[in-house]
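J.: To start, I am sharing the structure in question, which I have written as structure tokens.
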């Protein structure tokens, strides 16, 4: 039986955890099992520290039902539920412009399934586009560790195609032509501002 | 003893609740006891519906400690704590520009206490300013029902004065000269975009 540590998690040696989570396809890539969210948090922290952009992940929306106020200690939320997000997860400012994006990962190697987005997120992206904001999606193909910047206007086209009865995903080949590959680096891990520079400035 | 209804709240007749919450100083003002947050949510919904701006309140940040996953029903958060916000509460896009603000209310009639802000919120506003975003504070004097738009650069001056050992609040007279009165209306209730138009476009 595996040892359980006080944090309640099984002890898994680091090397094997990485092997389970992400096969070592690219030896040169030194990410070592970070999630897409962790990579983006690191990237946003890097941009923030250097005064390059102010971009944050929004808190997870929660519907709070019951809160206890024990004496002499912090309020405890005793009952709450996850709510569906009505916007995207990340937003902020870069060179005065509004930047807004969602980040999604797939283990498929051939296509990106559109069910990764909710209807209201797509509606939100359309509204941001109409208001002149910079709206996009960061898509990671987990098994090949490729990260793409897909402009929201392209996503909206694929979404419309699905609504018209077409395919429910974006083919990998389509992503390769309509999105921009973000070359991963050590620091920041996902340098997406370089794509914004190329497209908007 | 007051009657307690199933929602756990005491029954308070509407008229007296309004009287307790907000004395009827201005008869012409038809807000009827809405909170500043409710007024801003209504305003943002109004702007969103008409395609005038895309501005949302961020979810309350919560640190989730324990979640139950009952069979056949939604995940229930059983233990969580409120976290201090590291940014402001509202942000979004207006005519391509990044808009970011915090909203605060005071019952003082003579000054606005700076303890209403956390250090990191002020740091955040400074970073947004440096990045060319539109950053401000909406301040309501609850008893006179006056709502002001105070540009972040002014707030930063008052904050610096406090850090240099000066007063820990902004005098009402100072707000009257360095902020912009937002004339309340029925729909939208707090038409702050008109001040942005005046200052930034």
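Cβ atoms here come from the backbone N, Cα and C positions, even for glycine.
Pulled from TrEMBL, these are the listed features:
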type: BINDING; residues: B:87, B:89, B:102, B:121; note: Mg(2+) binding site
type: SITE; residues: B:104; note: site 'Transition state stabilizer'
J.: Relative to the Cβ position of residue B:102 (Mg(2+) binding site), how many further Cβ atoms are located within 10 Å?
T.: 25
J.: With DSSP assignments reduced to helix, strand and coil, which class does residue B:104 (site 'Transition state stabilizer') get?
T.: strand
J.: C-alpha of residue B:121 (Mg(2+) binding site) to C-alpha of residue B:104 (site 'Transition state stabilizer'): distance in Å?
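T.: Here the two Cα atoms lie 12 Å apart.
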J.: How many neighbouring Cβ atoms, not counting its own, are there within 10 Å of the Cβ of residue B:87 (Mg(2+) binding site)?
T.: 22
J.: Once the DSSP letters are reduced so that anything not helix or strand counts as coil, what is residue B:89 (Mg(2+) binding site)?
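T.: Reduced to three states, the DSSP call for residue B:89 (Mg(2+) binding site) is coil.
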J.: Select from B:89, B:102, B:104, B:121 the recorded positions whose C-beta atom falls under 8 Å of at least one C-beta in chain A, and return them in sequence order or as 'none'.
T.: none
J.: How many other Cβ atoms sit within 10 Å of the Cβ of residue B:104 (site 'Transition state stabilizer')?
T.: 16
J.: Excluding near sequence neighbours, so keeping only residues 6 or more apart in the same chain, what lies with its CB under 8 A of residue B:89 (Mg(2+) binding site)?
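T.: Once residues fewer than 6 apart are set aside, residue B:89 (Mg(2+) binding site) is near B:57, B:58, B:101, B:102, B:103.
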J.: Just to be sure I understand the packing, how many Cβ atoms besides its own are within 10 Å of the Cβ of residue B:121 (Mg(2+) binding site)?
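T.: 20, counting other Cβ atoms within 10 Å of residue B:121 (Mg(2+) binding site).
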J.: What does DSSP say about residue B:121 (Mg(2+) binding site): helix, strand or coil?
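T.: Reduced to three states, the DSSP call for residue B:121 (Mg(2+) binding site) is helix.
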J.: Centre the Cβ atoms of B:87, B:89, B:102, B:121, go out 8 Å, and tell me which other residues of that chain have a Cβ in range of the Mg(2+) site.
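T.: Going along the sequence, the neighbours come out as B:85, B:88, B:90, B:100, B:101, B:124, B:125.
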